[in-house]
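Visitor: The structure that follows is given in the form of structure tokens.
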């Protein structure tokens, strides 16, 4: 099987494992916007998971990607597995234990209205962190069915409990059943559902733990930490780029607008879904083909098709924006901020391109550059939000996200060509991106609601794109075996 077909197979399998949970999450966004009392409560929900994202990066400190790298490069695979699992577990307990003990002081400082919510977050973080290396092991060993099963079970439990807590049980029934969990609002039961789902997933993965030899190799650990710490910094900066706007907006605008912004931002879930599925297949694949003679040509080909497929998703969502808004957001108070959607979708496409370009510093063991680019993005995000949110409101936050990802992408490309020259088809990718950007704004501001015209526009655009790639399609996919 060719490397491209192998990549597509991996992307499909791992993508399926990402698509199903994300598809359920699409439903849950609609459930939350429908059942939570107001946009302020949705903002509480959003801030909870923003802090979860920050702590997840801190607790894994780049060890997932590091595990992939060393599992492929080291002869003693078992040593890599045991060292990775031990250090992640140790760090989790060292950080989360004092956080739990001091939660009465830390929770208000971080903006939690209820200390109980913060303690729930700590429990979720513990269970999720302990399953990081086992899940990474399933991926690197190509045990896709097992990986998908655990992921789907996790999101299924979470979804069922959300439905039970928010739709089926009355407020009195929930209070009676969970008297030991005295939260004052519905949003607290979303967090409780997550805690149960993470805990049960941990129990399902527990038999894998028992097979691991819990032994630290300090020589190997030193090398792994040296490789991984720049990924930690890059991860924190990435979360800042992606989520700091949700923490800053309530400080400058009212919580109602911030909640509407956070809800509308969720329309980017479809693009995020594509990027996640792509990354799950791409990361192990990029390492596996790195020693092949035509690796760089493969990377260039993958980036071009990522951009084509990503552009198709972006334009489709914008063309049918009102349908997707009704599907996810439900209530009219969320529609006030729909103008951010084309900007956020295009920004996510830039982020996906940036992720593809990152292969150069991962393959050359120069992950410090990923840290540099992410720090640059994080600083620009902080500066941009502080300058433009007071002036332009939530639109300023959206444009900051777009331009920060554009700068990171361009910077990574320039440095990548100096250190790991790859024959990317820049002119095609740039032309496609500019075309899609123009069509998105035409569709949103001039053709919004005109389903037939937008459908024709969509078909014509991508008929043209795929026609331009007809020779490649014939050679790779249509030729007889």
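Including glycine, each Cβ sits where the backbone N, Cα and C put it.
Model, not experiment: these values are computed from the prediction.
Grabbed the feature section from TrEMBL, which reads as follows:
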TRANSMEM  12-33  transmembrane segment
TRANSMEM  48-68  transmembrane segment
TRANSMEM  80-101  transmembrane segment
TRANSMEM  121-140  transmembrane segment
TRANSMEM  152-169  transmembrane segment
TRANSMEM  189-212  transmembrane segment
TRANSMEM  224-240  transmembrane segment
TRANSMEM  301-325  transmembrane segment
TRANSMEM  337-357  transmembrane segment
TRANSMEM  369-391  transmembrane segment
TRANSMEM  428-446  transmembrane segment
TRANSMEM  452-473  transmembrane segment
Visitor: What stretch of 121-140, 301-325, 369-391, 452-473 shows the most Cβ pairs under 8 Å to the transmembrane segment (337-357)?
Guide: 301-325
Visitor: At a Cβ cut-off of 8 Å, and with pairs 6 or more apart in sequence only, do we get at least 3 pairs between the transmembrane segment (80-101) and the transmembrane segment (224-240), yes or no?
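Guide: Answer yes: the transmembrane segment (80-101) meets the transmembrane segment (224-240) with 3 or more Cβ pairs below 8 Å.
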Visitor: Between the transmembrane segment (369-391) and the transmembrane segment (224-240), are there three or more C-beta pairs closer than 8 Å, counting only pairs 6 or more apart along the chain?
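Guide: Contact between the transmembrane segment (369-391) and the transmembrane segment (224-240): present.
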Visitor: Same chain only, please: residues at least 6 beyond the ends of the transmembrane segment (452-473) with a C-beta under 8 Å from a C-beta of the stretch. Say none if there are none.
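Guide: Distant contacts of the transmembrane segment (452-473): 308, 311-312, 315-316, 319-320, 428, 432, 435-436, 439, 442-443.
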Visitor: Could you check if the transmembrane segment (48-68) is in contact with the transmembrane segment (152-169), meaning 3+ Cβ pairs under 8 Å among residue pairs at least 6 apart in sequence?
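Guide: No, these stretches are not in contact.
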Visitor: In the same chain, which residue numbers or ranges, 6 or more beyond the ends of the transmembrane segment (121-140), come under 8 angstroms Cβ to Cβ?
Guide: 14, 48, 51-52, 55-56, 59-60, 63-64, 67-68, 71-72, 81, 84-85, 88-89, 92-93, 96, 99-100, 103, 146-147, 150-151, 191, 194-195, 198-199, 201-202, 205, 208-209, 280, 284
